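**Student:** From TrEMBL, here are the annotated features:
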TRANSMEM  12-38  transmembrane segment
TRANSMEM  44-64  transmembrane segment
TRANSMEM  85-104  transmembrane segment
TRANSMEM  116-134  transmembrane segment
TRANSMEM  141-161  transmembrane segment
TRANSMEM  173-194  transmembrane segment
TRANSMEM  225-248  transmembrane segment
TRANSMEM  254-274  transmembrane segment
TRANSMEM  283-299  transmembrane segment
Amino acid sequence: MEAQTSATTMKRIFLIINGVILAVGNCGGPLIMRLYFIHGGKRIWFSSWLLTGGWPIILLPLLVNYTHRRITTPQTPLFFMKSRVFLAAAVIGTLTGLDDYLYAYGVAKLPVSTSALIIATQLAFTAGFAFFLVKQKFTAYSINAVVLLTVGAVILGLHTSGDRPAGESSREYMLGFLLTVAAAALYGLILPLVELMYMKGKQSLTYTLAIAREAKAYELGETKYYVIVVWSAILWQCFFLGAIGVIFYSSSLLSAIIITVLLPITELLAVIFYHEKFQVEKGVSLFLSLWGFISYFFGEIKQSKKNKNPSDDDHTAETELVVHQTAVP
């Protein structure tokens, strides 16, 4: 019993850690990507590559852990990953690469507030795909959370008609809008696919270029150009690592909820750093997002208590039956 309690506690701790990592990447990633574009960056393919190009950052600690395991346990197999998991990861990786490009194009053409708003709709896509792919169970609280967070995202869109960046054509703006919607839908599919891979993998899944010309012409200077590029890669690795970690310790739905609830925070940061306008709608969206987030976790706490004491319902039913039988003449 104590071992099970300890395991549950550790799972929650790791879930919180991954949630924090996800928050850092989710808020910092779009801001620094937009910074790249508004000060002279023009290469969408390069910006999309940075979303996953920082993978060696994660590889280094995994390599150290793998080497240590090989030394301490010589019988450790050379390859941990089974072929079916490798193929699934390759497919998901390809979809993620496509999603990265769609998202980068949207960030290049839209303000942070608008692109973040559109991406927030991935919660609805995630909920739908999670229901069909991984048989995600919904409670009244989780449904309430999805509705509140989605409404909050829609409210943010009430005043986005006049936010087209100066010098950008209507065609470019609309194309950026549509591709960002496609990115939201595709990522709404990717999250449940990762969870499905965990479920069907049949093995334990664990955490085991020079562009000199553009850099020289960059408005903030060559040094800051490379600083932005490096931090962009780092922050996006935080996003992906945190998102996958939350799925591993909880579900794809919770990962999508955390991403969506951070939308108003990203909006606030955009107001602070890029001086974007903060309308009343953004305040209402922040309130609804927090309400939806609290609703989800309140439902999870109640469900956890219910699962922890399954005998209570049976005991109550038995008591009612005895009372009923006693009352019958």
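Residue numbering: from 1, along the chain as shown.
Every residue gets a Cβ built from N, Cα and C, even glycine.
What TrEMBL says about a protein is an automatic prediction, not a curated fact.
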**Student:** With pairs 6 or more apart in sequence, are the transmembrane segment (44-64) and the transmembrane segment (116-134) linked by at least 3 Cβ pairs under 8 Å?
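**Tutor:** By the criterion, they do not touch.
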**Student:** Take the transmembrane segment (12-38) and find every residue of the same chain, 6 or more past its ends, with a Cβ under 8 Å from one of its Cβ atoms.
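**Tutor:** Counting only partners 6 or more residues beyond its ends, the transmembrane segment (12-38) has Cβ contacts under 8 Å with 47, 50-51, 104, 107-108, 111-112, 115-116, 228-229, 231-232, 235-243, 245-246, 248-250, 255, 258-259, 262, 265-266, 269-270, 273-274.
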**Student:** Take a look at 85-104, 173-194, 225-248 and tell me which one has the most Cβ pairs under 8 Å to the transmembrane segment (116-134).
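**Tutor:** Between the candidates 85-104, 173-194, 225-248, the best contact partner of the transmembrane segment (116-134) is 173-194.
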